[in-house]
Amino acid sequence: MNLNHQALGFWEIIIRTRPLSNAEISVQGYSKCVRQESCQAITWTGHPESRFTFDVVADENVSQEKLFKVAGLPMVENCMGGYNSCMFAYGQTGSGKTHTMLGDIEGGTRRHSVNCGMTPRIFEHLFSRIQKMREDGKKGVYVENLKEVEVTNARDVIQQLIQGAANRKVAATNMNHASSRSHSVFTCIIESQWESQGVTHFRFARLNLVDLAGSERQKSSGAEGEHLKEVSFNLGVGILTNNLELLLVIINLVSISNGKSLHVPYRDSKLTFLLQDSLGGNSKTIIIANISPSISCSLETLSTLKFAQRAKFIKNNAIVNEDASGDVIAMRIQIQQLKKEVSHLRGLVGGGGEVQDNDVSIISFPGSPGSFKWEGAQGSFSPFPLASAKKISQLHNSVFDKSSSFT
Ligand SMILES: Nc1ncnc2c1ncn2[C@@H]1O[C@H](COP(=O)(O)OP(=O)(O)OP(=O)(O)O)[C@@H](O)[C@H]1O
């Protein structure tokens, strides 16, 4: 039984500006291609100037810890609550994606490094939350990654990250001497299980942490180059075209969010196939779009801001992934008890009568306790006083959820 708590929402977009590098300062001084307006607005200072607003705009002084508190911490809470969650780092090569997602992980221990990035911090927090739940003895949780490596603490996760980072193709470029030329997708499945009144509840969530390959000014020529130009033009992002399949998926998702009915080409690349749910479905998704303030990166920065602005319009539909099953006898006993309570409450409000099997599933309440409605064989009740209605509403939730788990 899926308890079907839904969270409809748009992608959350965060812009993060990295500091100018020493090399950039020595060539062009301190002039920049962007101006921070507020913690939600940024202006591209080219011609003509363009102002953009996002959920969060983090300037170069925002620490790894602060960014984690803004973006990572709520994500862990979402996952613990059973929502799939996904975080992408997007941006041109050398703009700070790996710094954001991984940061300084040398040495394998995160706790004391101020520069460790989002992923190690997320797992530190996740395991401390899990530890507390163990401690209270009600729930057991385990985490495993895509390779089915079982991990029991944040340090185990860091070891996996170090191994993954070493596997990543790294090639020096003019922009960034440790530039990564492949996507890094770190997926973690969080499952929890607990018992309540003879019923076993299962909750699970998928957490995707993605450090995309850096986008660069497109240099391809011929048919491929033309196609890429067309895609960039359609997306309105200008010249960043490295993540072609991802961009194509995003174009269609934006159109779908605007009411169009379109096929989304998730299967055109491994990345989009793997992240299908995070991109357009059951997930709460955050993009951290990393930008460089350097004048020499001005066009790429504008392109990333335009990309992020587009992505803001994608809607997801996250659902709590929860099932309840258990001992049928225990559940029947519980239903009997609840029926008795309903009968008792009916007596209190003047309805009277035994509760029949059908009654259990025909209670409905449209939301607010004051507008409580009863459509059973006993006829209609006028609205309950608030206190009783609340009680019945809770009862209703309980009866309805547990009885529907038989189906
Ligand atoms: N917020 C920041 N604060 C301090 N230094 C940063 C920040 N962001 C990036 N840097 C530095 O900038 C350089 C490039 O960053 P990083 O390697 O994370 O870029 P990237 O976007 O992952 O590049 P690529 O796509 O080519 O892999 C690194 O030396 C990194 O330490």
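Glycine residues also receive a Cβ, built from the backbone N, Cα and C atoms like all the rest.
Taken from TrEMBL, the feature domain 'Kinesin motor' applies to 10-314.
Annotation source TrEMBL lists ATP binding site at GLY91, GLN92, THR93, GLY94, SER95, GLY96, LYS97, THR98.
In the three-state DSSP scheme, THR93 (ATP binding site) falls into the coil class. With a 10 A radius on its CB, SER95 (ATP binding site) counts 28 other CB atoms from all the protein chains.
Per-residue pLDDT, averaged along the domain 'Kinesin motor' (10-314), amounts to 79 for this model. Shown are the binding-site residues GLY91, GLY94, GLY96; the one with the most C-beta atoms within 10 angstroms of its own C-beta is GLY91. The most crowded of the binding-site residues listed here (GLN92, THR93) is GLN92, judged by how many other CB atoms sit within 10 Å of its own CB. Reduced to three states, the DSSP call for THR98 (ATP binding site) is helix.
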